[in-house]
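Undergrad: Please read through the structure below; I'll follow up with questions.
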Amino acid sequence: MLCGRLRHTMNSTTCFFSHRTVLIGIVGSLIIAVSVVGNVLVCLAIFTEPILSHSKSKFFIVSLAVADLLLALLVMTFALVNSLYGYWLFGETFCFIWMSADVMCETASIFSICVISYNRLKQVQKPLQYEEFMTTTRALLIIASLWICSFVVSFVPFFLEWHELSMEEIKTIFKDLISDKVKTSDAHTFSFALEQTLGDNRTSNPKPECLFDVHFIYSVIYSLFCFYIPCTLMLRNYLRLFLIAKKHHVRIKNLHRLHRNQGTQGSKAARTLTIITGTFLACWLPFFIINPIEAVDEHLIPLECFMVTIWLGYFNSCVNPIIYGTSNSKFRAAFQRLLRCRSVKSTVSSISPVASVYRAFSWIRPSLLDGPPSAVCDTGQDENRKGGGCVTTIPTESHVIISEEEIRANVMLSESDTVFS
C-alpha cells in the first residue's frame, strides 16, 4: 500500500497478547482467508463451468480475481505479520518486492473493476456488435495493458533508483530518529530505507522496518491516475448501464405487459449497481483521500485511522468475489457445485440463436406470442429497417416490430446479471 508512514507503526515493546493484537490477528486472518477462497472459487468456476468459460467476459473477471488473490497471498499475509510483530522480518530484498507487489496488485484490481464496467456496458449497449468487437485477442490485449500499467507504476520507480538515499540523507534520518523528529525526505519522489527503530530505552536491539515514503506530487499523480480517473469512468459506465436498463425495461413492459415478476428487474439492477459502486467507494475512497495528506505531514492523521484505511482497501479484495460472483446466477450455480464437489453436467444446445432469443422472452404473456419470431431482412423496401440487416419481429397486440438487438439487450437485463454474463 502506498503510504507515507510506517516507521512508527509499532515499537519493540508491543504486547503480543493484548486484546488489540488478538483482534487484529483474527480480523486480518478472516479477510485473507475469505479473499483466497473466494477468488480461487471464481477462477475454478470460470475454468470448469462450460457456460462461463465460453464467455469473453471471463478474461476480465479472472484478471480481477488474480489481482485480488495475489494481493492476499503476497501482500496481506506479510502486512499482517508485520503488524503483529511490530517490525519487518523478511529482509531488505523482499521488502522491495513486497512494496512493489502491493502497489501493482491494488492498481490491477482497480483497473480490472473499471474494465469490467466498460465491458458490461458494451454488452448491453450493442449486443449484436459485441461478439465482433470484443474478440479474444482484443480482450487479452486489454488485460495485458492494464497489468503493464500496474507494473510500471509500481516497479519502475525502484528500477529508476528513485528510492535510493545518499549517505547524507541516511545520516539525517537516523539523526531525526534519535531526536524524535522524523521527517519525510523531499529530495526524491520516493525514498526507501530499511531502518533500525530504537526501543523506548534506546539501548535495546534495533528492529528493522520496511518503509516506503511518498512525495506529495507522486501521491497526487498516483491517486489521480490509479483511482479517481478509473472511478469516474466506472461510475459513468454504470450510470449509462442503469439508464439503458431502465429505458429497455419500461419499453418492453409497456409493449408486452410483462409478467409481474419482471416488474422487479429494474429495482434488482439498481440494487446491484448500488452495491458495486458503494462498496468500491467505501473501501478505496478513504485511503486515497488520506494518502496525499500523509505525504505532506505524517502526523496530521491518527495512526489508527491510517491503518484502517489500508485494511479497508484490502477488504475490497475480499468482497469482490462475493459481489461479482453472487450477482450472477451462473456463478452462483457454479459455486454451489464446487462447494458440494459435484461434477459438471455439460449439455450442448442445438437451439438456433434466434430461437434462443425467442425462448428467452417466454416471460411475455403467452397470448401475445402467436408464433415464432420472423426475420425481416433489408431488401431496400422495408420501412422498419435501421441501417440494413435483419430485424426480428414478435407478434403483439399492437404489432410493434422489435429489433433483435433490443431483444438481446433485454434478455441480458432480464436475468439480473447486470455485471457479468
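Each residue, glycine too, has its Cβ placed from N, Cα and C.
Just lifted these from Swiss-Prot, have a look:
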- 1-21: topological domain 'Extracellular' (TOPO_DOM)
- Asn11: N-linked glycosylation site (CARBOHYD)
- 22-42: transmembrane segment (TRANSMEM)
- 43-59: topological domain 'Cytoplasmic' (TOPO_DOM)
- 60-79: transmembrane segment (TRANSMEM)
- 80-95: topological domain 'Extracellular' (TOPO_DOM)
- Cys95-Cys210: disulfide bond (DISULFID)
- 96-118: transmembrane segment (TRANSMEM)
- 119-138: topological domain 'Cytoplasmic' (TOPO_DOM)
- 139-160: transmembrane segment (TRANSMEM)
- 161-213: topological domain 'Extracellular' (TOPO_DOM)
- 214-234: transmembrane segment (TRANSMEM)
- 235-274: topological domain 'Cytoplasmic' (TOPO_DOM)
- 275-295: transmembrane segment (TRANSMEM)
- 296-304: topological domain 'Extracellular' (TOPO_DOM)
- 305-325: transmembrane segment (TRANSMEM)
- 326-421: topological domain 'Cytoplasmic' (TOPO_DOM)
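How buried are the listed features, and what sits near them?
TA: In the predicted model, the topological domain 'Extracellular' (1-21) has a mean pLDDT of 50.
Within the chain, the transmembrane segment (60-79) has long-range Cβ neighbours (under 8 A, six or more residues past its boundaries) at 1, 28, 31-32, 35-36, 39-40, 42-43, 46, 90, 94, 97-98, 101-102, 105-106, 108-109, 112-113, 115-116, 119, 139, 142-143, 146-147, 150, 310, 314, 317-318, 320-321, 324, 420.
DSSP assignment over the topological domain 'Extracellular' (80-95) gives 11 helix, 0 strand, 5 coil.
Counting every protein chain shown, the number of other Cβ atoms lying within 10 Å of the Cβ of Cys210 (disulfide bond) is 24.
Residues 1, 3, 5, 9, 27-28, 31, 34-35, 38-39, 41-42, 45, 61, 64-65, 67-68, 71-72, 75-76, 79, 83, 106, 109, 113, 116, 275-276, 279-280, 282-284, 286-287, 290-291, 294, 331-332, 335, 419-420 of the same chain, all 6+ positions outside the transmembrane segment (305-325), place their C-beta atoms under 8 angstroms from a C-beta of that stretch.
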Undergrad: Sort the residues of the topological domain 'Cytoplasmic' (119-138) into helix, strand and coil with DSSP and give the three counts.
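TA: Summed by class, the stretch gives 17 helix, 0 strand, 3 coil.
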Undergrad: Are there three or more C-beta pairs under 8 angstroms joining the transmembrane segment (96-118) and the transmembrane segment (214-234), sequence spacing 6 or more?
TA: yes
Undergrad: I need to check the long-range neighbours of the topological domain 'Cytoplasmic' (43-59): which residues 6 or more away from its ends have a CB within less than 8 Å of a CB in the stretch?
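TA: Beyond its ends, the topological domain 'Cytoplasmic' (43-59) has Cβ neighbours at 65-66, 69, 116, 119-120, 123, 130-131, 134-136, 139-140, 142-143, 325, 330-331, 333-335, 337-338, 344, 346, 420-421.
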Undergrad: Please work out the helix, strand and coil residue numbers for the topological domain 'Cytoplasmic' (43-59) from the DSSP assignment.
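TA: Computed counts for the topological domain 'Cytoplasmic' (43-59) are 12 helix, 0 strand, 5 coil.
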